[in-house]
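Peer 1: Annotations for this protein, taken from TrEMBL, read as follows:
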- B:68-279: domain 'ABC transmembrane type-1' (DOMAIN)
- B:12-37: transmembrane segment (TRANSMEM)
- B:72-94: transmembrane segment (TRANSMEM)
- B:106-126: transmembrane segment (TRANSMEM)
- B:153-176: transmembrane segment (TRANSMEM)
- B:211-233: transmembrane segment (TRANSMEM)
- B:257-283: transmembrane segment (TRANSMEM)
């Protein structure tokens, strides 16, 4: 009896010590300096979506081929708000990877950059980065990130084969869009695809309408941040919710909108089961992968508003790649070298090679490869013509967390547009208070 | 036994210390810390004391009323059905039937399966277009509803899956309750001319009361704080239609409102206590009186 329990204690102790040894030694430490004093190993945390992982790996491969003394290990985390919590928790506990990929704009600001990130204002290629992007990864005049991937357009992906078959024109106003929808429905095709099983996809009609809001009401974002403008009391801002209600009330949605998932929605568009899919252009790369023979049928146009003369595109800034504050010494130098590479022509080319870009790169000298899908080329006129505006989340730190549930309700006919706008105004209040903004 | 002999335990009190330390560090400390953080605006990086504001905004949360009502419906439906199905199943499985041991394990098996796994499986089965359930129904000419995507049925559909998964445990508790009833009672009742229904009504039902109390309490607590199955199957959707308190709280946490979600947990703790303690007292008192 005594022997047994002593053995047990010994076994327990061995397990405990083993666990302690394992936990004290993170993968980043292995082989960093002891045996191979030349090599520096960095860890790089990215979200686990296919485009991000492929782009990150492509960047790392191109960079380490050029810099054999630096090794970079790509780690993944969940997407969406679960991923936000992973990033925040790891930063708060000092357990962050050396470099990481994360949203720019309002989500970046919520990371308390001054406290948690290393500034890269002195980066050699900082001058080549697009100025508008820099404001979305800066705090108190200090730069913290470089652009990961290209700009993304928010609008409507459409099936060009259906358009030419029914001889339709790309609409410049919402009324034209609805007229097209009526003809498409008469031809027995679902005019608008929605995929509420992935509820984030329901927000596009509201978010991608923001160019129309700022065209009608310049400076609205600033007043919105200062608690002086509301969705429910600004007719132009409410239009997005109304559009969503209109397509539902007119019965323009695919029959299985409530149970469809994002990838299935893209497939339905490529296969011509639906004509329009309100979406961000990063989805084009996914279509190119899952339906390579149909990608030539996919086009893109900005979400039309009421006034054809103010027609333009709502643009999402790329995510950023940042360095955690705890990274120092040789690792910090290596990390900055990597970031400088990302923000260079070579970096852009490596990204474009790894995965279909979602839109133009925001680094001087970078160009899109000639073979990008047509839907991505469709974005270029909005950049050349200057008729584009950043999405609201890059102009204001406030984005309510429940928008996707609210838009699912509107698109499913559970809630009306005016009630949804009011509910969203309430939702936003919590975010503003959490950020400690003045006026709330 | 006198009180003096009871107070002299053969073991010294410091035997309690290891357990007390673990309990204090892993339970008491976080509990009291959470009471404090529920009074702050907390971003993981820093926090600010704001009094009862979190509780105010939690109670103004639009999804909360719906979540409260849904939680009560969910708890009542699941615990009610577990009693209604568990007792007959236990009667069947304690009677002399073929393959009794096998049937008992079949009924208990779903309890052993991971909740998330069950949720994902049933989400596929309940898919309105391609799910096995609706395809089977359409084969016999019935157009099945959109189980999880129709706001009218989403919550009930999840509750039914919860019952499927949990009824085995209720049955097990009832089986234990029924087999502990002395056979003499049944023999005496038979001598007095009681039929099957009579001995169920006057022997099994009253004497299985402790089992009923346990099943109700356990499944009611489970129903009130239910989260995993709902999150795996609907994420509170479509929209807010199948939100329960726990999913409302989790969404606040996801959004980074750590103080607010902690306040929500304090509210949930108080609500569960307020419902379960009186119920426990009521059910046990009845038992003593009989």
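From the backbone N, Cα and C atoms, a Cβ is placed for every residue, glycine too.
Nobody curates TrEMBL annotations by hand; they come from automatic prediction.
Distances, neighbours, how buried they are, the whole picture for these features please.
Peer 2: Here the transmembrane segment (B:106-126) has Cβ contacts under 8 Å with residues 89, 93, 132-134, 147-148, 157, 161, 164-169, 171-172, 228-229, 231-233 of the same chain, all six or more residues outside its ends.
Long-range contacts of the transmembrane segment (B:153-176) within the same chain, counting only residues at least 6 positions beyond its ends with a Cβ under 8 Å from a Cβ of the stretch, are 70, 73-74, 77-78, 81-83, 85-87, 89-91, 93-94, 104, 107-111, 113, 115, 118-119, 122, 126, 145-147, 208, 211-212, 214-215, 218-219, 222-223, 226, 229-230, 233-234, 237-238, 241-242.
Sequence-distant contacts of the transmembrane segment (B:211-233), counting only residues of its own chain at least 6 positions beyond either end whose CB sits under 8 Å from a CB of the stretch, comprise 71, 74-79, 82-83, 86-87, 115-116, 118-120, 122-123, 148, 157-158, 161-162, 165-166, 169-170, 173-174, 176-178, 242, 244-247, 250, 268, 271-272, 275-276, 279-280, 283-284, 287.
A Cβ distance under 8 Å defines the sequence-distant neighbours of the transmembrane segment (B:257-283), meaning residues of its chain 6+ beyond its ends; these are 34-35, 37-44, 47, 50, 54-55, 57-59, 212-213, 216-217, 220-221, 224-225, 245-246, 248-250.
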Peer 1: Restricting to the same chain and to residues at least six past its boundaries, which positions have a Cβ under 8 Å from a Cβ of the transmembrane segment (B:12-37)?
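Peer 2: Residues 47, 258-259, 262, 265-266 contact the transmembrane segment (B:12-37) from elsewhere in the chain.
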